[in-house]
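Notes to accompany the following structure.
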Amino acid sequence: MGRSIVATTFEDDRQRARQRLPRQLFEFIDGGSFGEETLAANRNDFARVHLRQRVLMDVGNAVLDTEIFGERFALPLGLSPVGLAGLMRRRGEAQAVRAATAAGVPFVLSTVSLCGIEEVAAAAARPFWFQLYFLRDRDYVAKMIGRAQQAGCTALVMTVDVPVNSPRHRDAQTGMGGVPSALARAKVVADFSRRWPWLRDVAVGGRPHIFGNLAAAIPDARGLADFRSFTRANWDNAIGWKDVAWVRDQWDGPLVIKGILDPQDAAAAVAAGANGIVVSNHGGRQLDGVASSISMLPAIANAVGGRAEIFLDGGVRNAIDVLRARALGAKACFVGRPWVLALAADGEAGVARMIERFRIEMISALGLMGLNDVADVGAEALAHVPPEWSRGEAAAAPPPARRVATIAGE
Ligand SMILES: Cc1cc2nc3c(=O)[nH]c(=O)nc-3n(C[C@H](O)[C@H](O)[C@H](O)COP(=O)(O)O)c2cc1C
């Protein structure tokens, strides 16, 4: 595809990002874990939820704003935490937070971002949320929570679905996370050296070698490899519900647990003091063979019973998906790949355009559903949902018909 592509859909942004990024980085974003079945299911299962088309309902005054934790946002949509986003564009997280906060949607900054909390706070037009990964060094974790509080973050998102790493075959193929041989290394270097626009933007002067939130823990780090070894050595696999209680004590504000895919865990999160949960399988990047996020939503909403806010991510690609999730019990959806691919494609403007696309789509879809206010999208907006979903049996459903290739370059 040529330069004249107008990025109006997720796929447009994806193709533009693919052209611009070194292959290693594109596949890191695009891929999932193991055989990528859950990655495909996240997407395919949305098509199993049918909305109702209602007519002659006096529409045309769409109201999209949504209150979350006492704050009004322009849309029931937010940007999920994505690690290493600053590798995709120069100071990428700062660019993305500018777009998100200007558009009035929540932005969640990853622990493993290139821009640190303070840099992102300086770029943001309004407060953002901070995502916490757990390290063995509790003092350092407490310090990061303190930095988020100091920077005015309005919610803390604790991600719990990465107790261990999962095999990502595309990353192994492209050398993301270490190259096995001199020949493989030469191939990676050759690919990077061809990506001139990316090199000029990120590699030259973009300080792509520092993880802003972890820099204080490893002051003499010389590059990403040092940060990687540090996180590998300090990752806390032994994390349990007692640690959620510890975080609850440290953080004075809304606490969101991200990576819930089971009704029992959802109930436990509420009992541990979470104010919100993100129904998520990490975008199909952790345990493969688990159910899609959308298929687990009805049973989880049932288990939570209105005691906490429910958010969803995984496979959300347009406003129709957001409305489907709202009708099944989510307050708002978050997107990961859509924003980071838009960022890679066109920087801040790309992220702004992606959010605007969701806004325009949502106005249109609401009207076609015979509604004016997104707050009115509930169970009665649905024509069909697979009946097994509400009983929490989604995991027992047959696997998706289409398997995604595990090897890059499909
Ligand atoms: C490249 C990439 C990096 C990610 N890094 C993080 C992270 O640092 N912390 C986290 O909680 N989730 C991370 N996630 C998961 C996202 O927050 C989110 O759950 C997922 O991308 C949603 O699925 P989607 O990409 O289909 O929208 C990452 C996802 C991607 C694609």
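Note: Cβ is positioned from N, Cα and C throughout, glycine not excepted.
Annotated active site, proton acceptor per TrEMBL: H282, in sequence order. For H282 (active site, proton acceptor), applying a Cβ distance below 8 Å and a minimum sequence separation of six or more within one chain yields T159, D161, V162, G259, G314.
Just so you know, the Cβ of P81 (FMN binding site) picks up 26 other Cβ atoms within 10 Å once every protein chain is counted. Per TrEMBL, the feature FMN binding site maps to 81-83, S110, Q131, T159, K258, S280, 313-317, 336-337.
Per TrEMBL, glyoxylate binding site is recorded for Y133, R168, H282, R285. DSSP assigns H282 (active site, proton acceptor) to coil in the three-state reduction, placing it in neither a helix nor a strand.
Confidence for the domain 'FMN hydroxy acid dehydrogenase' (2-387), expressed as mean pLDDT, is 95. The feature domain 'FMN hydroxy acid dehydrogenase' is assigned by TrEMBL to 2-387.
Among Y133, R168, H282, R285, the residues given in the record as binding glyoxylate, the maximal Cα to Cα distance rounds to 19 Å.
R337 are the binding-site residues among R168, R317, R337 whose C-beta comes within less than 6 Å of an atom of ligand 1, given in sequence order. The shortest Cα-Cα distance between R168 (glyoxylate binding site) and any of the binding-site residues G83, Q131, K258 is the one to G83. It is 10 Å from the Cα atom of Y133 (glyoxylate binding site) to that of K258 (FMN binding site). Each residue contributes its Cα atom, and for G315 (FMN binding site) and R285 (glyoxylate binding site) these two points are 12 Å apart.
Of all Cβ atoms in the protein chains displayed, 18 besides its own lie within 10 Å of the Cβ of G83 (FMN binding site).
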